[in-house]
């Protein structure tokens, strides 16, 4: 049974604080193992990757077979039924159109001293995407990671997808093809992250690594950060639904279960201003759990981390939402835009009764790679910006240097950086001499 909280009860603040602080992820301490794997890949390259892949995925590879060939991808893609292909192509088109609008503009201007200033944006040269493997892997994650990279202008995009016992989801390869992925490698785990970061004879290194993974992948991403950029270290999925009584309890129950079925550590929370409606939703969840295919997972998540919170009004709901800073926030209320204006911390907001979070997972257009564990307080979901870097530009004319150079020389002397100051002063002396 989930927790039932009421903001009007005297112990509410204590209970709510405990809900916020609940540890939902039992991460094993794998750092030492991961450090060893990374060191091995750095030292032995392909040989280490091949050996580790055979040990963990039970697949015997050679340097030549690490990468899927064009023919292998084409053969797998041909197996995808037309309806699934059409759905992927629709999703890809919408994701691409949305992310194209995110592209920032370069800037270039001349200020009142005559100095020319500005910035330009450029993509990283190469990016690597990790895709959890097997037949249960998620092609939508390929689209959500790969398309922004390609829209940003990344020249080379490589994917690492483990193939346990030689199994791969053809939809993953189709998603890679649709997204414009350049290379697909049949490797996984910390060894894949190490290979992407440091390179081997077969796998050229990348500049940025994105994509979800298990504890070993997360630990590897932490360790290679600095050598390469990473997107984020994502935790278990979460959803917060703010709903009034003018909703179908079954719809809201399904929205809550849409995240609960991801992981036993996922969290689904309902905030409502109607206690009876909250109870009706909880009953609808229980009813759906009787038949849901992933009821074993969803049931544990709902029991251990689910919550129904009753508040006095929607202003209070917005305030609590900002404290939760959820990954996904659904606003199933009569005026969702007004409520959205008061909710400033959320990975993604879904407005109105006809915008279930699952639309955002697949075909809405915005990215589904989102900050978890309250990190929406300070971070954003994946976008083209994750694959871009801004370079500042400046050009001084003689007049501009005369105008601002003396201040630079003075500040350099104040910081006891003699050569800094002299590099400016030497030019000023010639201009003024």
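Glycine is treated like the rest: Cβ placed from N, Cα and C.
Quick look at what Swiss-Prot annotates:
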- 130, 191, 214: NAD(+) binding site (BINDING)
- 237, 259, 262, 328, 361, 415, 420: substrate binding site (BINDING)
- 259, 262, 361, 420: Zn(2+) binding site (BINDING)
- 327: active site, proton acceptor (ACT_SITE)
- 328: active site, proton acceptor (ACT_SITE)
Recorded positions compared (327, 361, 415) - the one with the fewest other Cβ atoms within 10 Å: 415
Between residue 327 (active site, proton acceptor) and residue 259 (substrate binding site): CA-CA distance (Å): 10
Of 130, 191, 214, 327, i.e. the recorded positions, those within 10 Å of residue 237 (substrate binding site) when Cα atoms are compared: 327
Of 328, 420 (the binding-site residues), the residue whose Cβ has the fewest other Cβ atoms within 10 Å: 420
Residues near residue 191 (NAD(+) binding site) in space but at least six apart in sequence (CB under 8 A): 37, 40, 41, 48, 49, 52, 53, 56
For the binding-site residues 214, 237, 259, the one whose C-beta sees the most other C-beta atoms within 10 angstroms: 259
Rounded distance in angstrom between the Cα atoms of residue 328 (substrate binding site) and residue 214 (NAD(+) binding site): 21
Per DSSP, three-state class assigned to residue 130 (NAD(+) binding site): strand
Chain-mates of 130, 191, 214 with C-beta within 8 Å of site centroid, NAD(+): 132, 160, 162, 188, 189, 190, 192, 193, 213, 216, 217, 220
Least buried by Cβ count (within 10 Å) of the binding-site residues 130, 262: 262
Between residue 361 (substrate binding site) and residue 327 (active site, proton acceptor), the C-alpha gap once rounded to whole angstrom: 12
Rounded distance in angstrom between the Cα atoms of residue 420 (substrate binding site) and residue 130 (NAD(+) binding site): 44
